[in-house]
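Now, the feature entries from TrEMBL:
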BINDING   Lys10, Ala11, Ala12, Leu13, Arg14, Arg139, Leu140, Gly141, Gln142, Gly143, Ala144, Gly145, Tyr146, Tyr147  ATP binding site
BINDING   Leu59, Glu64  substrate binding site
Amino acid sequence: MTERTAAEAKAALRVELRNRRQAFVIDLAQKATLLVDTLQLAEHAAPLIGQARIVAAYLSTPFEPDPMPILLRALDRGAGLALPRVTGPDAPMTFHEWLPGDPLEEGPFRIDQPLATAERVTPDLILAPLVGFDARLNRLGQGAGYYDRAFAAAPDARRIGIAWSAQQADAIPADAHDVPLHAVVTERGVIQ
Ligand SMILES: Nc1nc2c(c(=O)[nH]1)N(C=O)[C@@H](CNc1ccc(C(=O)N[C@@H](CCC(=O)O)C(=O)O)cc1)CN2
Ligand SMILES: Nc1ncnc2c1ncn2[C@@H]1O[C@H](COP(=O)(O)OP(=O)(O)OP(=O)(O)O)[C@@H](O)[C@H]1O
């Protein structure tokens, strides 16, 4: 290899490696921001766990806030944990006891859920995923009515929506069956 081609090869490699470095850091920064906001949300949620004995949450899909850090705090405080289980569009969603490491199976919408044999429980605190919310604590869900029905079946449970602040809408139209939340927690704070 002559001096000249070595220099050219270095120049090309420099461009490629700078681009790779940039892509790597951009990816890192996105992950870091997501993690910081996830933990910030959990920080805001912590005081709302209170004396709850059974806390239900959900296994997040990629764009939903991950409630796992909140669940782990609840576990530390001695609460039991529960996850939802869905079997079909007309069957009500049920909550089943779950501890980190317990087996899960894939349910509808490719969301993992506890096995049917896991003990069924009635949570006294439900951390609910949502598509949107408003300042009056109306909730917009996936449109299947699973949470509306679960709230109606556990009227004494505290209902806390978990969302990113970007999910706030000016007004969510409320139907008669829509059960309002007691609070919404985002990475910015608590709305209640
Ligand atoms: N993480 C999580 N678990 C949950 C819910 C949820 O909203 N989020 N559910 C709340 O009810 C129940 C499952 N029900 C669902 C009902 C509809 C859709 C749905 O329509 N999803 C869209 C988009 C999916 C995607 O973006 O990949 C779809 O399938 O088109 C998802 C879940 C129980 N577990
Ligand atoms: N308590 C209930 N009993 C029976 N059906 C209900 C109840 N609540 C809601 N539904 C039905 O569920 C369907 C979806 O309701 P809606 O569009 O309000 O869902 P959502 O709140 O967006 O979703 P989700 O509760 O799944 O998060 C509607 O057809 C509604 O009639």
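Sequential numbering from 1, following the chain as shown.
From the backbone N, Cα and C atoms, a Cβ is placed for every residue, glycine too.
Put simply, the two farthest-apart Cα atoms among Lys10, Ala11, Ala12, Leu13, Arg14, Arg139, Leu140, Gly141, Gln142, Gly143, Ala144, Gly145, Tyr146, Tyr147, the recorded binders of ATP, are 60 Å from each other. Proximity of the binding-site residues (Arg14, Gln142, Ala144, Tyr146) to ligand 2: a Cβ under 6 Å from the molecule is found for Gln142, Ala144, Tyr146. When Cβ atoms from all protein chains are considered, those within 10 Å of Arg14 (ATP binding site) total 10, not counting its own.
Filtering Lys10, Ala12, Ala144 by Cβ distance to ligand 1 (under 6 A) retains the following binding-site residues: Ala144. Within 10 Å of the C-beta of Tyr146 (ATP binding site) there are 18 other C-beta atoms, taking all protein chains into account.
The secondary structure of Leu140 (ATP binding site), as reduced to three states from DSSP, is extended strand.
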